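Student: What follows is a single structure, and I will ask about it in a moment.
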Amino acid sequence: MLLFRATLLPSPPFFHKTYFSHLSPVIFSDDPLPVSLQRNRVSGCRKQKWRQIRTLALQSDTLSEVRSAPPELNVERNKFRILIAGGGIGGLVLALAAKKKGFDALVFEKDMSAIRGEGQYRGPIQIQSNALAALEAIDSQVAEEVMGTGCITGDRINGLVDGVSGTWYIKFDTFTPAAERGLPVTRVISRMSLQQILARAVGDDAILSDSKIVDFVDYGNKVAVILENGQQYEGDLLVGADGIWSKVREILFGYSEPSYSGYTCYTGIADFVPPDIDTVGYRVFLGHKQYFVSSDVGAGKMQWYAFHNEPPSGSDVPNGKKEILLKIFNGWCDNVIDLINATEEELILRRDIYDRIPIFTWGKGRVTLLGDSVHAMQPNMGQGGCMAIEDSYQLAHELEKARKESIQSRKPMDVKSALKRYEKERRLRVAVIYGMARMAAIMASTYRPYLGVGLGPLSFLTKYKIPHPGRTSGRLVIKYAMPLMLSWVLGGNSSKLEGRSLTCRLSDKASDQLRKWFEDDDALERALGGEWYLFPLNNGDIQPIRLVRDDKRFHIIGSISHDDSEGISIHLPFPQVHKTHARIACKDNIFYLTDLQSQYGTWITDNEGRRYQAPPNVPVRFRSSYSIEFGSDKKVVFKVKVLSTSHKSAVYGGQNLSPVV
């Protein structure tokens, strides 16, 4: 059998795969090598055999290196080397942190596309204030590039809304906790862009592509990894940052299945700009056994995630994901439906959601775990990647501390104690945030706006629109608990970060109206951008009507033209419409409808499904997503919609959306 072994030095060029030609093959017997080399799996005699093989390999390599290797390869390695399984965010940030501390790092990544193109599959990632601060403490220049590339969402309104009505349930203030503690404001960045930035900072010479770790041996003073192709690399520490299906974790503690959350997730990116893009960063739309998340990711794009309760390993018919989603979220608010409609079918992806309950012990000997390999979380808190970044900072910090102690005491570096301190510092915080993510998933998917929702035979109660007691009490609890929770999640780790000044960027400054938007829904609605339209629901002969947002002008609706009046005439030649039926006017960015004592009346259905008649000569406010009926037989019905100027045609198939003037 052929065994390839390379002794790699700190000199950067020799991490690169193009130098594999210097590796010397050593021919042994035809007996296969052990599949697993960890101590708890290999019998005594197989261990002895492996040590003999390794001794022969070392002797042969030494002769080979003397004869054929460049002079640099004969220099003794004197830097502490960290072997990192996995080139995801956690692995790359750890490699960067190690590099900044003066350690060697070598990242093993089985598929370079996981670094260069993972974002195409998994979409943008939210990097919250706590992770950005940790990244600043690791490398301020890299953090600056990440923040400059990302899209700020923490300077706007974020929170929970009712999935059907689209009304706010609770708003999150992620700006104040960051500003008060001198932390960067939360961003969203393309996962691919983030990993490219990190990979450049780490250097291609420290990333070994096409390399999959299948086994390792901890010798007490060193650790060696064995790749799928038989190559072996030696270091002082092995860190498993290889994700929820971690091979390093499996070898350490045995195979175990991750926990299925009960939800599958559809995700997509749309060229779509909502009309409230300047005031809202992200929303979580709540429903029963399903929920929907949307977020601005910059560059005129929106990222969304649709969670639905169903068994794992499901599948969809070819090109059928959008159709399935429209059925699942049928009857939900326009914010959800419009975003699904605006997404191309081929950009919709599906994956099941799993997590791993954090374990008490993260490693053994000179091997430890980091990120999803030890505490994979559900995505509801947006903290999965953030925790991996915090892990990376803490691990590098503890290793640097151990090195300083070693120099002072003139004793070998106590790696095992450093790893124990790393676990101790991270264990509680990770467990609490993991629990919060699970609770958020439960709350988002068990939300019931009204009595009768999810009650089977008693579902008829929903038509009475009686608020569910859990909805009311839940809002009260969240209102007072959320500020404390966000303060701890976003700022609770900042006191442990060394070498970082407590500063806020001018570019992170929020609108002066932010506090008012949190407290006043009307003020938030008045700040809504875009254009207002009446879209016909059951008559294809009528074009959408754009309403003029001008306090000095108004619309007159009637079955005859009113071009000679002061108002803007909207001509609806139908028997249900009176000659002078109604007037629509705008005041302070709010629209009102007044029925002008029409013969058949004017009816309004709000976004919670309540239908009522507009009283004659009394201005009645209407909002986006309301329906307006001229006449009582539901034949002349319009849906009120607000669309961003640049993206309205993408959702409505290029219909003529010219104003009526």
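Glycine is treated like the rest: Cβ placed from N, Cα and C.
Sharing the record's features from Swiss-Prot:
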type    : residues        : note
TRANSIT : 1-59            : transit peptide
BINDING : 81-109, 359-372 : FAD binding site
DOMAIN  : 555-609         : domain 'FHA'
Student: Three-state secondary structure of PHE360 (FAD binding site) from DSSP?
Tutor: coil
Student: What mean pLDDT does the predicted model reach across the domain 'FHA' (555-609)?
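Tutor: In the predicted model, the domain 'FHA' (555-609) has a mean pLDDT of 93.
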Student: Where does ALA105 (FAD binding site) sit in DSSP terms: helix, strand, or coil?
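Tutor: ALA105 (FAD binding site) sits in a strand per DSSP.
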Student: In the structure shown, which of the binding-site residues VAL93, ALA105 has the fewest other Cβ atoms within 10 Å?
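Tutor: Taking VAL93, ALA105 as the binding-site residues, the minimal 10 Å Cβ count falls on ALA105.
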Student: For ASP372 (FAD binding site), which residues of its chain lie six or more apart in sequence with Cβ-Cβ distance below 8 Å?
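Tutor: Looking at Cβ-Cβ distances below 8 Å from ASP372 (FAD binding site), excluding near sequence neighbours, one finds GLY88, GLY90, GLY243, ILE244, SER246, ARG356, GLY384, ALA388.
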Student: Helix, strand or coil: which one is GLY87 (FAD binding site) in, per DSSP?
Tutor: coil
Student: DSSP on the domain 'FHA' (555-609): how many residues come out helix, how many strand, how many coil?
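Tutor: Breakdown, helix to coil: 0 helix, 24 strand, 31 coil.
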